[in-house]
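J.: There's a structure below that I have some questions on.
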Amino acid sequence: MKSVIAESLVKTYKNGEVKALNNLSLDVEEGTVLGVLGPNGAGKTTLVRILATLLKPDSGRASVGGIDVIKNPDKVREIIGLSGQYAAVDEILTGYDNLVMFGELYHLGKKQAVARAEELLERFSLTDSAKRPIKTYSGGMRRRLDLAASLIVRPKVLFLDEPTTGLDPRGRLEMWGVIEDLVKGGTTLLLTTQYLEEADQLADEIAVIDNGTVIARGTSDALKKQVGGEKLEIVVNAENLMKTQEIVARVTGNKTTIDEGLRLISAPVTLGSNALIETLRELDSAGIHPLDVGLKRPSLDDVFLTLTGHAAEVKEEAK
Amino acid sequence: MSAVQDIRVITQRQLRLLTRVPEVLIFSTIQPVMFVLLFRFVFGGSISTGQPGGYVQLLMPGIFVQTVAFTLAGTASGLAEDLKKGLIDRFRSLPISQSALVVGRTLGDSMLNIVVLVVMALAGLAVGWRPSSGIVKVLIGFVFLFMFGYALSWVGIFVGLSVADARVVQNVGFIVTFPLTFLSNAFAPTTGMPRVLQYFAEWNPVSTMVAGCRELFGLKNIFGATAGSFPSENPLLMSAIYMGVIMLIFIPLSIRKYKNSSN
């Protein structure tokens with residue numbers, strides 16, 4: 001069953017001048033994680049805001065958990081959790097106060113709201129700072145609290161809009177751990193990100209969007225295949241460059257490229273490990289000792305470049 | 001019933017902000033108290049009122065009204081701030097009545113006025129303010145003041161959502177409230193103003209509020225110019241009408257804007 005369906009969504013801003021979503025369609029299978037990957041301004045936030053009932057599309061349809069987001073926003077709100085790019089919690093209140101407040105607004109009742117707040121603080125390792133105002137929290141702690149706030153009623157579908165943007169590497173790793181745990185529990189998750197490795201790490205499937213439309217869709221592996229197979233890469237001393245190139249060309253039977261600055265020789269390979277072993281054997285008998293050697297699968301950066309013709313560049317975010 | 005609960009939770013949240021950031025409460029109290037002292041001692045000596053008790057009797061209602069009028073700016077900038085931080089988005093993604101959120105907010109913001117009015121009244125009493133009409137009428141006067149602040153807080157919601165930048169909102173709030181409070185009978189007789197401004201001042205809701213409070217505190221409102229005009233003859237009725245009109249216009253307008261607001 002599809003938990004999230006978006007069909008031909010169009011959204012323009014500034015009287016049609018800025019097209020944030022351009023006929024965008026996608027869906028998320030129940031219990032899976034879809035990573036929506038795209039540069040700033042690609043339309044990720046607009047998509048999430050429409051699915052989370054915060055924004056109405058100009059045209060198109062969308063449903064979450066089988067409920068139409070345009071016709072029945074109140075019902076949708078009962079089953080979703082949303083955590084945005086900014087930690088949308090009350091900075092002045094403490095972590096504990098925030099969670100109790102949101103719990104009460106979800107109509108849990110005071111007692112249950114308190115119990116749930118304590119449970120979530122514990123789960124996100126925030127118990128020690130529960131009684132401190134949010135403004136004293138680190139970026140990572142804020143995001144965790146924000147995520148906790150979106151989990152109060154155990155949403156069926158969770159939307160995370162760039163959950164780690166602006167976090168330092170440690171905060172990002174912590175957040176990833178938290179999200180991975182969450183997904184194990186079977187929550188359907190739509191996650192937007194501009195970090196290719198984040199989509200790779202967290203998502204079952206990835207939808208690449210650019211200029212408001214989905215330009216590719218598939219598992220991380222499938223997307224990488226779309227760009228091409230593995231590459232053999234060998235770094236050697238400058239004096240061995242030509243000789244090595246010869247060997248690589250002979251073993252792989254493919255065209256090689258040389259980066260003289262990096263002293264790197266690379267060539268596409270079909271049976272990667274065989275080619276690797278064979279090449280090393282040949283190099284050894286030629287008395288060449290490579291400085292670095294490896295098989296490289298294309299990164300999602302390569303995917304993006306191939307699909308869009310441009311790198312994951314940063315455009316002005318359409319608001 | 002759940003809407004009442006939601007209103008309570010949000011009202012509490014607005015009030016809790018005051019206890020968590022005592023500066024807000026302190027400065028929103030210091031400013032009007034400063035006005036009381038400055039006006040009392042700077043102008044008090046040179047404005048003759050022809051009434052017992054002197055200028056301070058006429059001044060206090062003026063400052064009360066001016067102070068509650070600033071609720072507009074307070075609500076507007078608080079809301080703009082929450083909007084910027086994405087907090088409003090979170091509220092809007094909750095499965096609750098969105099009107100309840102706005103009602104709770106206006107209530108919470110207006111309740112700040114209760115504290116401020118009490119402190120100002122004490123300051124007034126200290127420098128010679130003596131309402132002579134008895135406790136009931138004085139209390140009715142404060143109810144009027146509270147309601148005026150509440151009505152304006154709805155305008156504040158609209159301004160906050162329309163302008164949406166907290167710093168700009170603060171300025172817009174002042175630009176709206178300053179002329180309104182000074183082009184009135186709050187601090188000086190309107191008789192000295194140019195004719196056009198006199199009419200403006202006469203019909204200005206701030207003037208009718210001030211005149212109404214003076215009446216309730218047992219004074220004659222001698223700061224009016226065009227004596228005999230409807231607002232100067234019926235200041236309380238006129239104030240009630242103004243508040244009703246403000247709320248009739250701005251409650252639906254602000255709620256609609258809130259529901260459709262997006263960052």
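Each residue, glycine too, has its Cβ placed from N, Cα and C.
Small disclaimer: the values here were computed from a predicted structure and weren't measured.
Annotations for this protein, taken from TrEMBL, read as follows:
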type     : residues  : note
DOMAIN   : B:23-261  : domain 'ABC transmembrane type-2'
TRANSMEM : B:21-43   : transmembrane segment
TRANSMEM : B:55-80   : transmembrane segment
TRANSMEM : B:111-129 : transmembrane segment
TRANSMEM : B:135-161 : transmembrane segment
TRANSMEM : B:168-188 : transmembrane segment
TRANSMEM : B:236-255 : transmembrane segment
J.: Using a Cβ-Cβ cut-off of under 8 Å, list the residues of the same chain that are 6+ residues beyond the ends of the transmembrane segment (B:236-255) and lie near it.
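T.: For the transmembrane segment (B:236-255), the sequence-distant neighbours (Cβ-Cβ under 8 Å, at least 6 residues beyond its ends) are 98-99, 102, 144, 147-148, 151-152, 154-155, 157-158, 161, 205, 208-209, 212, 215-216, 230.
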J.: Same chain only, please: residues at least 6 beyond the ends of the transmembrane segment (B:135-161) with a C-beta under 8 Å from a C-beta of the stretch. Say none if there are none.
T.: 61, 64-65, 68-69, 71-80, 83, 102, 105-107, 109-110, 113-114, 117, 169, 172-173, 176, 205, 209, 212-213, 216-218, 236, 239, 242-243, 246-247, 250-251, 253-254, 257-258, 261
J.: Same-chain Cβ contacts of the transmembrane segment (B:111-129) under 8 Å, 6 or more residues past its ends?
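T.: Same-chain contacts beyond the flanks: 11, 14-15, 18, 24-25, 28-29, 32-33, 36-37, 40-41, 53-54, 56-57, 59-60, 63-64, 67-68, 71, 74, 142, 145-146, 149.
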